[in-house]
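Trainee: This is the structure I want to talk about, given as structure tokens.
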Amino acid sequence: MNTEKSINLKKPTLGVCYYPEHWSEYLWENDLDRMVEHGIEIIRIAEFAWNKFEPKEDVFNYDFFDRFLDLAYSKGIKVIFCTPTATPPAWLTNKYPEVLNAREDGTLYRHGMRKQHNYNSKVYLKFVSRLVDKIAAHYCPHPAIIGWQIDNELNCETNVFYSESDHEAFRIYLKDKFKTLDALNEAMGTTFWNQTYTAWDEIYLTRPTISNSNNPHLSLEEKRFFSHSAISYCKLQCDIINKYKPEDQFITTNGIFGHLDSHEMTDSCLDFITYDSYPNFAYDTWTDPKKPGNLNDRRSSWSLIRARSISPTFGIMEQQSGAGGWDTRMKQPAPKPGQMRLWTFQSLAHGANFISYFRWRTSWIGTEIYWHGLNDYSNEPNRRLAELKVVHEDFNKLSEVAGTHYEANVGFIRDYDNEWDGEQDKWHGPLDDFSNDSWFSASQLTHTPMDFVYLKSGCKKTTLEDLSRYKLLVYPHATILTKETAELLKMYVEQGGTLIMGSRTGYKDQFGRCPMRPMPGFASEICGVKVTDYTLVGPADEDEYAVWDNEEIEAPIFNDILQPIGDAKVLATFKGNYYDGAPALVVNTIGKGKAYYYGAGFSEKAAEIFLRKLGFSCPYKDIIELPREAELAVRSNDSHQYIFVLNYMDHSIEVDVKKIANDLLSGEVISGKVSIEKYGVIVLEIS
Ligand code: GAL
């Protein structure tokens, strides 16, 4: 396990987001005292408070946060201090509108929300650099500060940038990457529809086009550029803080958002990532929360797996504590009694050692008056604060969990190129989304813990060692598959791994072009397969199936009709459509391992069948049996396993513990049938 980019805490620790600038100063002391009383040890402050430091251009003031930090320190509270660059002041954007981000048509986003700035304006970068320098120089020595958060949620609110500065920076980025216009034209396939560029300043990021359709290769490059811009912006700030900070202060940022390679960002300039977890989005953005089998709030585990793929142990900078809602959007219920604690444990189970709630008190002003914190507007005692006390008592019993890591034998491969290419590619993207969701659900429902393995090309390239810690790797639709990646996957299989790939693999190159070669391109040799024909399963087609050992397995969305090569064997054939009876699933043995190619998208049922038939399902069944409604997660170190069971249901469930275990929260030694209350959790220690 690579722990280099992990959070370093001796015990799971609670925190909260606090906004001293939202409240009269007389409230601070009482707030801090009550935080201590409720087990809060760390607070995050200042991420939107630019005017408190620089109320006018080039006029700096530190009194406000000096007073607050001194008070926090006197109470023994530690502080994560933020750079306040997510909300540029009105005086700045009014005088220098070039710092603003813009829509595709060039219309500027104006003052009144947040994140209205771009990452490339020289003027903005100058203001940001000067402010961060001043803040870091002044506050780094403060003994209350344990770490820094850069900005807030990079690429949140919008992850596309079309200001003049961005167009200009894009040209520089392309020049640096392709060197000549000829090379750029070749890579971007501009001979198609006469898009050839004859000068660098003819090139733009997306602007309005007919049918909103764009050169797909340039669109992919654009996303790489957005990511590059956000990382440079983050790194600029980190470099400045690094000049001043003592060694033991960390630098992080919060959230994982689109068009940003958070792995590259963390590897290149942060100490670890923190994530913002709001499981109640289940009732807001995810369709049909009442549908049977919908994982709802449990689906947040997907994002926690993602955070863990960046930092094996990480932090939650914002953990949902109350109802979510802006005055203009979102309709989330309040977490039901027990759910705040459950979601806290969901984060802990997945590897979060620091969990900080959003926010101490519900804001009485602004867009987020409905985004509830631990305290209500009234500041009266409430059930959420009472629940926090319970969490605090729980955490006191779990110190040793901090030194453990999440256990998984199954790795789910992901990469940013395919993620970003799939946004525009309507053949590949929806197929990928469908299969991702299926594999995640199958792993959850069968209690087969899974990690994400991001293929990294940046400063910390993925190695064979990174892959070979997994017994099974699933890479459903690696549409863009380079020779280098294919070679790595081949080595993984040769040394004994099992690899599963699916339809639409390997037909694109790194620019998203489809070169002249048999499909699935570089995967052909690994999987021992050639695609002889392929088709989208159209709306008028029957539901497609394959038959594997007399068992029917769904074969939806896109079918690759296969031909085995060499010693590879056909395991399943299609049923229905014009390719009835043709090979649908092929297995190839290379070295000590096996590679499977399935010529279809993976439904949840199909993913479950793969896990079962290949022997990867339910690896902990000798320790515990539990219903599908509950999530199982295991954190371990060399000597102990900590089994987390999370009950997301509004009724109690029963689990069967097959060993003698210490129930850490009740303090009892248990074995056999155990009931877990609604929204309840258990943590069992097995030695
Ligand atoms: C996060 C953000 C917070 C707050 C919260 C609730 O995305 O970082 O500042 O806005 O959502 O909306």
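Start at 1 and count along the chain as shown; that gives each residue its number.
Placement of Cβ uses the backbone N, Cα and C atoms for every residue, glycine included.
Per TrEMBL, the feature domain 'Glycoside hydrolase family 42 N-terminal' maps to 17-397. Per TrEMBL, the feature substrate binding site maps to Arg114, Asn152, Trp326. Per TrEMBL, the feature active site, proton donor maps to Glu153. Per TrEMBL, the feature domain 'Beta-galactosidase trimerisation' maps to 408-614.
Walk me through where these features lie, including what they touch and how far apart they are.
Mentor: Over the domain 'Glycoside hydrolase family 42 N-terminal' (17-397) the predicted model carries a mean pLDDT of 96.
Within 10 Å of the C-beta of Asn152 (substrate binding site) there are 26 other C-beta atoms, taking all protein chains into account.
Glu153 (active site, proton donor) carries neither a helix nor a strand DSSP state and counts as coil. For Glu153 (active site, proton donor), the same-chain residues 6+ apart in sequence whose C-beta sits under 8 angstroms from its C-beta are Ala86, Lys115, Thr253, Asn254, Gly255, Phe257, Asp276.
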Trainee: Of Arg114, Trp326, which of the binding-site residues has the most Cβ neighbours inside 10 Å?
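Mentor: Answer returned by the neighbour count: Arg114.
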Trainee: Around the substrate site (Arg114, Asn152, Trp326), what further same-chain residues have their C-beta within 8 angstroms of the site's C-beta centre?
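Mentor: Neighbours within 8 Å of the Cβ centroid, excluding Arg114, Asn152, Trp326: Phe48, Ala86, Thr87, Met113, Lys115, Glu153, Cys156, Glu157, Thr367, Glu368.
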Trainee: Between all pairs in Arg114, Asn152, Trp326 (listed as substrate binders), what's the biggest Cα distance, rounded to the nearest Å?
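Mentor: For the residues that bind substrate, the greatest Cα distance is 18 Å.
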